[in-house]
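Here is what Swiss-Prot says about this protein:
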- 1-160: region 'Methyltransferase-like region' (REGION)
- 1-178: topological domain 'Cytoplasmic' (TOPO_DOM)
- 26, 30, 41, 66, 88, 89, 113, 114, 130: S-adenosyl-L-methionine binding site (BINDING)
- 39: phosphotyrosine (MOD_RES)
- 200-883: topological domain 'Lumenal' (TOPO_DOM)
- 279: N-linked glycosylation site (CARBOHYD)
- 283: N-linked glycosylation site (CARBOHYD)
- 324: N-linked glycosylation site (CARBOHYD)
- 384: N-linked glycosylation site (CARBOHYD)
- 429: N-linked glycosylation site (CARBOHYD)
- 496: N-linked glycosylation site (CARBOHYD)
- 652: N-linked glycosylation site (CARBOHYD)
- 720, 724, 780: Zn(2+) binding site (BINDING)
- 745: N-linked glycosylation site (CARBOHYD)
- 753: N-linked glycosylation site (CARBOHYD)
């Protein structure tokens, strides 16, 4: 429901606004409210939705104070927050709202004085106030001279809803959020802040004072303080010291297996995107942006999706040739089914095929083939059957349930799915572990299609690749890069000795996995049960709109990025980020010059490579050019009433886009991440580092934060990505992005000695009694350590040039210490034991705790600034250093 036009005054203003304190005034004002349009003080929900939603969770119990006849409570319900209780002083308006929203019994309405709330303790997670406290202050002479009675009244209400003086900021922590919007509370906060800012100006005028009292400094100091655990010595456990408070205040949200800064920022970005896509005045000249909204809205059509049920996938399976689990199937069509499943619909049974830059000739693209075909996150889940019995049973239950939902026979579905699972176990047996695939020189094999045919003769490769890359014409001499020759040879033998019915069941199972997320709630519910076992998620509370934002990001991510960038990105941030990268690059090269183990020839080549690293900040330029953006998605058709068909169209469109790349050179405009992504990456074949707009925000970066925090946040991320150019894999590529040996033998041997130290260091860390894999995480650990060192050296260089910064109030840290705390708090995280195990066996990164502890225990600068003695847990005595 819309509110009256902006700036329109309510029709019945009292002669004196102290009438706002009288219930009789409100009772009279709201006569007939059930039939009149709603009125929203300070604007309707849409005016602050993007700011509010990142602070809310769908399961929150929300209390709205002084609801009046506002549409806020109902719009919260429509926005995916169903647990809303609204109270008002006036019984007349409460009765009116109960009548107006009788069709929504979930909404609760109570007659109650906000000064005498009658709810049990801890009844609510969120309290919203928009204008009510202003009414309590009616009759004051002016907003700047509030009487002691007025202050007492506001204090009384804040106490009623749970604010505890001295223990939290006015806008609360997210553990039990009390969120007050507008009203006198914000006015009082603004007045207090104004006093602090004024005091800060005086401090700035007097150079003897070194405390920063700007609004930004006060806010960030509060966030840092509430994340710290002062009961722990920084030299005992710096992660707990930096994140203990954050962990206490951030219990794992329902439906999540992990929660950290990256998740929080992505939720925030999603809320902004939701606001943009659901804007009723959405009007874009870009066809790609219009497609984005149509795709998103089709995903939200839950009633239509439920109405269609499983039929869209059943029809697709029948079109391909049938499935032995659900009915008749064509027994002689292995190649045809493989082409449809892996080509048209982009699933990856047995292996994956893609087009990418040739590692040894990076200015050209080439067909690449690699191992694939497992549904569970890692081969370990299949092979360590005793430890993973619960997961394998849950997976088989999931397979059976989906087979039954699609028409499988009760008497045979589980037996046939067991055969598919056994085939996946055989695939896991021949799959090469990730920690044995880190030397790209060894796993890179370039050959012709005819040579590939001889290596893996169980299928017609020319026929398959020609179909996949249609309408391109291929011949037997077409080059292909194969990663893992032994795997392909063995998978070919496995195909030859497997019964056709099992092959068919496995191929269609891959298609089912790919498409069921587009089907009705029964399929989602089946998956939730598997995910609970696999990742420890207790229940799924992810609202549909968030799922749809993620789907839209996958399908039309750069068109979505265009909307995001235009709405949020500060162009000056790009210039500042580029300056920081330059400073960090300089610091890295200076450290390079001091390495005693590297010979001069290799050092010079390394410096040239560092100089040549190309940085991309924010977004690719083409997304702000409507015609160029439209061209990217030209040919992708969007149906307004079939989300399933939109996903099928996406797979088909993606296959055509891939084929189009083969005869073109790689382009720098082809980013691997969309602008709204909260992440960054280094691409060795382009020798480039990329920082999307999504990560260029607090706590990683903010223009008005101390430089210590910016260098400790986004600065370390920048140093991390730059160091990837010189980790155990990146160091194999030269400055042009080509995989070739450019190191002298002596320096290479020394490099391996230094990395062996780091590998062994991380091998010693444990999570829930399970050791980290120092080999699997080596590249990321090298980047973490090198990135921290480069960023800190860049910060010191900045200080030499600009002088010391003012310190944050109350935190009790020097700015050098603040740098390390800022770095650590970026990695504050909570995670289920099941998710922690999954990370240990699949993730090339170390767990968050050891990204902090491992890196800082190797940092002489950290140990010096915190005074950690040799023998303390943070200073074991031996430091592992590569860069």
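In case you wondered, yes, glycine gets a Cβ from its N, Cα and C as well.
What Swiss-Prot annotates, mapped onto the structure for a quick look.
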residue: 39; record: phosphotyrosine; Cβ neighbours (10 Å): 19
residue: 113; record: S-adenosyl-L-methionine binding site; Cβ neighbours (10 Å): 14
residue: 279; record: N-linked glycosylation site; Cβ neighbours (10 Å): 13
residue: 283; record: N-linked glycosylation site; Cβ neighbours (10 Å): 8
residue: 384; record: N-linked glycosylation site; Cβ neighbours (10 Å): 14
residue: 496; record: N-linked glycosylation site; Cβ neighbours (10 Å): 11
residue: 652; record: N-linked glycosylation site; Cβ neighbours (10 Å): 17
residue: 745; record: N-linked glycosylation site; Cβ neighbours (10 Å): 10
residue: 753; record: N-linked glycosylation site; Cβ neighbours (10 Å): 11
residue: 780; record: Zn(2+) binding site; Cβ neighbours (10 Å): 20
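Secondary structure at residue 384 (N-linked glycosylation site), as computed by DSSP, is coil. Mean model confidence for the region 'Methyltransferase-like region' (1-160) is a pLDDT of 75. With respect to their backbone Cα atoms, residue 652 (N-linked glycosylation site) and residue 724 (Zn(2+) binding site) stand 34 Å from each other. Take the glycosylation sites 324, 429: by the count of other Cβ atoms within 10 Å of each Cβ, the lowest one is 429. Secondary structure at residue 130 (S-adenosyl-L-methionine binding site), taken from DSSP and collapsed to helix, strand or coil, is strand.
Within 8 Å of the centroid defined by the CB atoms of 720, 724, 780, the record's Zn(2+) site, lie the Cβ atoms of 682, 721, 723, 727, 779, 782, 783, 784, 786, 787, excluding the listed residues themselves. Every protein chain shown contributes to the tally, and the Cβ of residue 26 (S-adenosyl-L-methionine binding site) ends up with 21 other Cβ atoms within 10 Å. Around the Cβ of residue 88 (S-adenosyl-L-methionine binding site), a 10 Å sphere holds 27 further Cβ atoms from the protein chains shown. In this structure the C-alpha atoms belonging to residue 279 (N-linked glycosylation site) and residue 780 (Zn(2+) binding site) are separated by 41 Å.
Every protein chain considered, the tally of other Cβ atoms within 10 Å of the Cβ of residue 41 (S-adenosyl-L-methionine binding site) stands at 18. Candidate recorded positions: 41, 745, 753. Nearest to residue 720 (Zn(2+) binding site) by Cα distance: 753.
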